[in-house]
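Colleague: Quick one: structure below, then a few questions.
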Amino acid sequence: MTFAATVLTLYPEMFPGPLGISLAGRGLAEGRWSLDTVQIRDFATDKHRTVDDTPAGGGAGMVLKPDILAAACDSVGYDRPMLAMTPRGAPLTQQRVRELAAGPGVSILCGRFEGFDERLFEARAIEPVSIGDYVLSGGEMGALVLLDACIRLLPGVMGAPSSGDDESFESGLLEYPQYTRPVIWEGRTIPEVLRSGDHARIAAWRKSMAETDTRLRRPDLWERHEGARVQSPSGARQKKDE
Ligand code: SAH
């Protein structure tokens, strides 16, 4: 099955862009995923092809018009999840990426200027998604990020099928630190355990490093990870027996 991506944008020339090279590009050429773009401006109805207007209530910038956006989205349809890029959306997670990658594909609406008329989200089944707590000038970079994260999970796109399993966020933790040759570089040695050949020790070291680094670098992730452990059925039983 081909993962079908449709991007609704004022700048279709930005696609596939960086997704046309390396693993994603090869996957596209091999038909493991497909890409369509929809020019939002094609759904403008006046002779100036207007897609935006001034914000109700005043303020800087321009807002994308709901009638034009809805017509563009309706032309694609809602068989696949329709996402809209906005800093007001739910932060994108590896879990959501995995769900999307397992499905038939995704449509992504890209904003520009001050973003979308809010009524669009009341009138259509469109999921607002953010790629992080910072502001981009347009949704296209966000769409590229989201698609890249999905595409690398598609069957046949990454070399070894298991190479994603240990990765950061897959277990709710950051990945353990990685090393490669030379064994000594600028006087620094690869940790001895990784050169021991003792697979059980290596696995234990990696688990412990993943936990320590997550706790120190991402207390937010660590808290969620620990919370999930305490709330799991086995955790609850343990508590009662104590
Ligand atoms: N005025 C808006 C920001 C508009 S930025 C606000 O403060 O919420 C212009 C467009 O860039 C947005 O419509 C959105 O499509 C995109 N964008 C900006 N930051 C983003 C983010 N963190 N995640 C996803 N899309 C983003």
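All residue numbers here begin at 1 and follow the chain in the order shown.
Backbone N, Cα and C atoms are what each Cβ position is placed from, and that goes for glycine too.
Because TrEMBL annotations are produced automatically, they should be read as predictions rather than curated entries.
Note that the structure is predicted; figures quoted are calculated from it, not measured.
TrEMBL feature annotations, pasted as is:
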type     : residues                                               : note
BINDING  : GLY111, ILE131, GLY132, ASP133, TYR134, VAL135, LEU136 : S-adenosyl-L-methionine binding site
COMPBIAS : 216-228                                                : compositional bias 'Basic and acidic residues'
DOMAIN   : 6-223                                                  : domain 'tRNA methyltransferase TRMD/TRM10-type'
REGION   : 216-242                                                : region 'Disordered'
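Walk me through the surroundings of each of these features.
Modeller: Under the three-state DSSP scheme, LEU136 (S-adenosyl-L-methionine binding site) falls in the coil class. Taking the Cβ of LEU136 (S-adenosyl-L-methionine binding site) as reference, residues of its chain lying under 8 Å away and at least six apart in sequence are, in sequence order, PRO87, GLY142.
For the compositional bias 'Basic and acidic residues' (216-228), the number of residues in each DSSP class (helix H, G, I; strand E, B; coil) is 12 helix, 0 strand, 1 coil.
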Colleague: Work through the binding-site residues one by one (GLY111, GLY132) and point out the residue whose CB has the fewest other CB atoms within 10 angstroms.
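Modeller: Among the binding-site residues GLY111, GLY132, the lowest count of other Cβ atoms within 10 Å belongs to GLY132.
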Colleague: Near the Cβ of ASP133 (S-adenosyl-L-methionine binding site), how many other Cβ atoms are there if near means within 10 Å?
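Modeller: So the number of other Cβ atoms within 10 Å of ASP133 (S-adenosyl-L-methionine binding site) is 7.
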Colleague: Using only the residues recorded as binding S-adenosyl-L-methionine (GLY111, ILE131, GLY132, ASP133, TYR134, VAL135, LEU136), report the maximum Cα-Cα distance in Å, whole number please.
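Modeller: Greatest Cα separation within the listed binding residues comes to 16 Å.
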Colleague: Can you name the residues of this chain that are 6 or more positions from VAL135 (S-adenosyl-L-methionine binding site) yet have a C-beta less than 8 Å from its C-beta?
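Modeller: Listed in sequence order, they are PRO87.
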Colleague: Translate the DSSP assignment of GLY111 (S-adenosyl-L-methionine binding site) into the three-state scheme.
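Modeller: Assignment for GLY111 (S-adenosyl-L-methionine binding site) reads coil.
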